[in-house]
Amino acid sequence: RGEAVPDALLRVRCAGDAKKEWNVDLEGRVVLTLHALPGGARLALVNVYAPAGSREEERGGFRKAFQEALAFRLRQLRAAGFRAIVVAGDLNAMAGPLDMHTGNGERQQWLDAGTWDADTPYGSVRWLRSLLTSYTTTTKDGGGWRTERRRDNLLFDAFRALHTAREGAYTCWSTKKRHRETNCGERLDYVLCTEDLRGSSAANGGGGGAFRVVDCDIWPEFQGSDHCPCWAAFDLPEPSEVDATAAADAAPPALFASQWPEFRGRQQKLGDLFKRNAGANAGVNANLSVGSNVAADANGGANGNRKRAAAAPPPPPKKKRVTLHS
């Protein structure tokens, strides 16, 4: 179904200079990793650092192109069969006025300017809402909050799903203006999940053993940055014996830190920097074949232990909790 984002979505001509071109994939703003879940399901984890808003016309074009390319990639993953997709990170966008502080009347100014209008919202608001199955906005009289639903969209906001109308929950503040002290901030960091991860779902076969989000919140007390972490906790079934054996046999992906020369426990030499790494591709290929190895073992592979594990009735799934930080 296509492994690459179309070139037209990746390349942007800069305003005022027809010869200058942006490639939205060159700044390393997205890291996509694919994971096997117990039971044979697959998880696509998309870590994002989206471009911030800019008054420069050319960077504004870059931001719009980045957003369109990311949305295309998410739809592409869904079409390829990934029912479990998690998008985590700094999206540099707000879905509604509840995600912005009320200090200095700024929220009201944005409301008056039509930033969050239902029909014609501001560009980055429109993009984020195009991904979300629901978002919180103001009532028609502006005196309260209501939830707008877009069931044909792909993702839900894990934080707002659990804290629908919480005020003052922000993840970014101006350090120059010392806004963190008065909590005049914005919620720009998210954990977004496909609907299959909401409650008991079919993402991992359905029932109580499904991989699903069970909690999500922010840690505003964490200092050291103009942003604070947003985290989510997921229920994860314990792998079966077959799953555990296959995982133990698999080589770690080439990008794992344990594969880096500086962490292999030996002194490097200058000449090592100029040698081709013959094993890198082998490591990648080994990981790509893990799924087929699991299937072969489950159908009766050469290893007797794996045969017995596959033939025995599966025990009831046990769940453990994993926490994801953005």
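Every residue gets a Cβ built from N, Cα and C, even glycine.
Residue ranges 175-212, 289-326 are listed, and TrEMBL annotates 289-326 among them as region 'Disordered'. There are 20 other CB atoms within 10 A of the CB of D90 (active site, proton donor/acceptor), with all protein chains counted. Within 10 Å of the C-beta of H227 (Mg(2+) binding site) there are 18 other C-beta atoms, taking all protein chains into account.
Around D226 (Mg(2+) binding site), the same-chain residues at least 6 positions away in sequence with a Cβ under 8 Å from its Cβ are C172, W173, S174, T175, R180. Compared over the recorded positions Y49, N92, D189, the count of CB atoms lying within 10 A of a residue's CB peaks at D189. One way to see the shell of the Mg(2+) site is to take the Cβ centroid of D90, N92, D226, H227; the remaining same-chain residues with a Cβ within 8 Å of it are A52, T171, C172, L188, D189, S225. Spatial neighbours are here defined as Cα atoms within 10 angstroms of one another, and by that definition the neighbours of Y49 (active site) among the recorded positions D90, N92, D189, H227 are D90, N92, D189.
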